[in-house]
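Q: First, the structure itself, so that you have it in front of you.
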Amino acid sequence: MRSYQVALETITALVATTVAGLSLAMPIDFGWTSQTSALQLDLLAYSLPRAVAAGVLVAMIVAVLLTTLGSVVMAWGTALVALLVLLVNHLVGHSANPTDSLATMNFIDSLSGGAAMGALGAAVLHHRLAAYGWTLGALVSLLLGSVNPLPHIGEMIGDYPDTWQAADMPPVWMVELAVALVLIGTLLNRNRPPAARLSIELPLAPILAGVVVVLVTLVSAEWLARHGDSLADLGLAVVTTVTTALIAAMLLPRRDGELVLVAVAISAVGSATIAAELPAWSIPVLVAIAAAGMWYGERHPAPMAGVLALMVLGLVTAFTADTDWALLIVGSGALLAWLAGYGLSAAKPRYVPSRVLGTMLLFVPSAVLGLRDYVARGHYAMQDGSQAIVCTVTTEDTSAPAWTSVLIAAGCAGGLYLLRRSRPAPATKPSTPETGSAATE
């Protein structure tokens, strides 16, 4: 492949994956959103975690199908179609009425974003630089999603700005740029022959692994968001999260499951550590730090060390849960960005869908995120007073999410140890995943 084509595919993977990740992770938002009904907003908020989970599963299934077919041009074409659907959805949404369903448009957004990410993964993850662009694009979309323009938790409704500023992420111009780049990539790869090793068998193990870990993670998050005051529920959530992550890791071929365990640990600790609102100026800095972590993880891979470092970060967060020291908060966010980049590069799956699954797990709301939401809201209880019913709000332990993340990370470290003991190390460690039918071995 010519150098200009490698550079173009790397840039395309970065931009298109960022756009697809934003459409998957963020709720759809237009200028007329503030004029819609409370019911539509409630439906959007209620369906958002399910839309994200559905998009992640679509990404996994698309990656498995396209990798099995072995056609690069079909992978590029699928990504192009998914981005076109995303573009049409946003164009229609901008001209829609406040009575239209935000939840439906958000589901379309998430499904098309997931399909685009899975197809792009099947198209570019065979090449080292393009794989960097794809992975970094996923991290960029997660960081951009952390920029929250709404008031802090605890502020009054009247503190909202006088003029509603719609997030509109991803913006239409960015979607159009991604469509143009993917179209060029499709044209450049139109004569690429399919992979030499074609298979008519659909590998079900990666799909089953994705379904198990995504659905259990989603159920745990939704349960703790409502019942985060019970130690039994917390323990059950930790056990089920670690167990399903280990099962998914064992279902994947060779040591590909390392990335699943690392991603679950990153998601848990990140949900407890990341600030509730990041300033926009910090995003380029955190992206650069994440890229540096990816660079170091490629040259000095040690997934176990990365998970142990995440445990340390979780402990620091637990002991400093009530602090408002800006330097500590910014430093924790920077360390998390570095560890996320390092972990995604240190674990080296040999099968493309395994990398897609591991990376996409970062988008699924974790049990720790559900618990953090419960702690932030407090426990509401109705009490029958002498003259009227009184609603009381009981505050919760703010360090509980961090301690839960430490336990999950510790379980992932144990899972890594078991996986390494049960699966022999490969004779060679390729820098990029392979396309063959590794999932059937």
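Quick reminder: no glycine exception, Cβ is built from N, Cα and C everywhere.
Quick paste of what TrEMBL says about this protein:
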TRANSMEM  43-66  transmembrane segment
TRANSMEM  73-92  transmembrane segment
TRANSMEM  104-125  transmembrane segment
TRANSMEM  132-151  transmembrane segment
TRANSMEM  202-225  transmembrane segment
TRANSMEM  231-252  transmembrane segment
TRANSMEM  259-275  transmembrane segment
TRANSMEM  281-297  transmembrane segment
TRANSMEM  302-319  transmembrane segment
TRANSMEM  325-344  transmembrane segment
TRANSMEM  356-375  transmembrane segment
TRANSMEM  402-419  transmembrane segment
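For the listed features, I'd like the structural context: burial, neighbours, distances.
A: Only residues 6 or more beyond the boundaries of the transmembrane segment (73-92), in the same chain, are considered here, and those with a CB under 8 A from a CB of the stretch are 16, 19-20, 23, 28, 62, 66, 105, 108-109, 112-113, 115-116, 119-120, 122-123, 170, 172, 175-176, 178-179, 182-183, 185-186, 189-192.
Here the transmembrane segment (281-297) has Cβ contacts under 8 Å with residues 132, 135-136, 139-140, 143-144, 147, 306, 330, 333-334, 337-346 of the same chain, all six or more residues outside its ends.
Long-range contacts of the transmembrane segment (302-319) within its own chain (CB-CB distance under 8 A, at least 6 residues past either end) are made by residues 258-259, 261-262, 265-266, 268-269, 272-273, 332, 335-336, 339, 342-343, 346-347, 399, 402-403, 405-406, 409-410, 412-413, 416-417, 420.
Listed as Cβ neighbours of the transmembrane segment (356-375) (distance under 8 Å, sequence separation of 6 or more from its ends, same chain) are residues 21, 24-25, 49, 52-53, 55-56, 59-60, 63, 114, 117-118, 121-122, 125, 135, 138-139, 142, 206, 209-210, 213-214, 217-218, 220-229, 234, 237-238, 241, 248, 252, 259-260, 262-264, 266-272, 340, 344, 347, 349, 396-398, 400-401, 404-405, 408.
Nonlocal intrachain contacts for the transmembrane segment (402-419), taken as residues 6+ away from its ends with a CB within less than 8 angstroms of a stretch CB, comprise 234, 237-239, 241-242, 245-246, 249-250, 255, 257-258, 261-262, 264-265, 268-269, 271-273, 303-304, 307-308, 310-311, 314-315, 317-318, 321, 367-368, 371.
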Q: What parts of the chain pack near the transmembrane segment (259-275), using Cβ distances under 8 Å and only residues at least 6 beyond its ends?
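A: Residues 146, 209, 213, 217, 241-242, 245-246, 248-249, 252, 303, 306-307, 310-311, 313-314, 317-318, 329, 332-333, 336, 339-340, 343-344, 346-349, 354-355, 357-359, 361-362, 364-369, 372, 401-402, 404-406, 408-409, 412-413, 415-416, 419.
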Q: Counting only residues 6 or more past its boundaries, what in the same chain has a CB within less than 8 Å of a CB in the transmembrane segment (202-225)?
A: 49-50, 53, 56-57, 60-61, 64-65, 68, 233-234, 237, 240-241, 244-245, 247-249, 251-253, 257, 260, 264, 351, 353-354, 357, 360-361, 364-367, 369-371, 373-374, 437, 439-440
